[in-house]
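Participant: Input: one structure, supplied below.
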Ligand SMILES: NC(=O)c1ccc[n+]([C@@H]2O[C@H](COP(=O)([O-])OP(=O)(O)OC[C@H]3O[C@@H](n4cnc5c(N)ncnc54)[C@H](OP(=O)(O)O)[C@@H]3O)[C@@H](O)[C@H]2O)c1
């Protein structure tokens, strides 16, 4: 079955919108981006549109590659600003920007994509303030299938801090037995063939093909690869779709649900702010 990420996303957005209407006050999300990477601009603007669609006010703060000091001044001001509830940093930041300083500076209660070291620690300690948006989307999609995850063998390809590692941790929390693969893994197919649940998050087109998965696999493809102007995932959709019990397409799978989770986490940040009043 092909998972409809847009449909799942719309349902989450409706819930978020309804809750915001009940509050009668608009949460505010600040998006900071530096440099002039075109795709970062597109991502930032699409987040603004998504926010507007549910009643969240979003503002993008642009900085040039040379404005690192101004970037951190603004981040510190937004950390303290009572009217700003969520903060997101559009990655990647320009070369030379102190990314570790970003992780240590962002206010953890506004850190809606869970990038700070503090929030990462809380996530792995099982006491998260926020769950990072893409991993949260992946777990939501899996839960939405109705498949009982307990005792399943989940294989995650990718071990980045923003994606692979948190997904593996969240699957452990669901009582899966988890294998994490990466670029140094020997015989990737040996591992993928054992997966009941396979999460691919490597950023390598056609990394997983039909002959590498078992019948009935639940395949979640988080990869985004642009090839000849089109977007592809990491899995070869055509050769896997008839073998998989569930599969996410790219585009239209994990991506839209991730966007919905940004909105959901912004609402959570807003609730933290309301609680602290
Ligand atoms: N859908 C969404 O909303 C969303 C959000 C964020 C990211 N993404 C996409 O998800 C993908 C991963 O993102 P990321 O930020 O996690 O990327 P990343 O930081 O580059 O990490 C990629 C991971 O994949 C592993 N890897 C690379 N080549 C491999 C191979 N041939 N075999 C096995 N593992 C391999 C790397 O291993 P090493 O650790 O050994 O280098 C690394 O752990 C990208 O395509 C990105 O665009 C999608």
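Glycine is no exception: its Cβ is also placed from the backbone N, Cα and C atoms.
Summarising the annotation, TrEMBL assigns NADP(+) binding site to 158, 159, 160, 224. Sequence annotations record features per position, and here TrEMBL assigns domain 'Tetrahydrofolate dehydrogenase/cyclohydrolase catalytic' to 3-113. Taken from TrEMBL, the feature domain 'Tetrahydrofolate dehydrogenase/cyclohydrolase NAD(P)-binding' covers 132-272.
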Participant: Under a criterion of Cβ-Cβ distance under 8 Å and sequence separation of at least 6, what residues of the same chain contact residue 158 (NADP(+) binding site)?
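Facilitator: Listed in sequence order, they are 164, 167, 181, 182, 199, 200, 201, 202, 203, 222.
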Participant: So what's the mean pLDDT when you look at the domain 'Tetrahydrofolate dehydrogenase/cyclohydrolase NAD(P)-binding' (132-272)?
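Facilitator: Over the domain 'Tetrahydrofolate dehydrogenase/cyclohydrolase NAD(P)-binding' (132-272), the predicted model scores a mean pLDDT of 98.
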Participant: Could you put numbers on the helix, strand and coil content of the domain 'Tetrahydrofolate dehydrogenase/cyclohydrolase NAD(P)-binding' (132-272), residue by residue per DSSP?
Facilitator: 54 helix, 28 strand, 59 coil
Participant: Summarise the domain 'Tetrahydrofolate dehydrogenase/cyclohydrolase catalytic' (3-113) by DSSP state, stating how many residues are helix, strand and coil.
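Facilitator: For the domain 'Tetrahydrofolate dehydrogenase/cyclohydrolase catalytic' (3-113), the helix, strand and coil counts are 56 helix, 19 strand, 36 coil.
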Participant: Using a 10 Å cut-off on CB atoms, tell me which of the binding-site residues 159, 160, 224 is the least crowded.
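Facilitator: 160, out of the binding-site residues 159, 160, 224, has the fewest neighbouring Cβ atoms within 10 Å.
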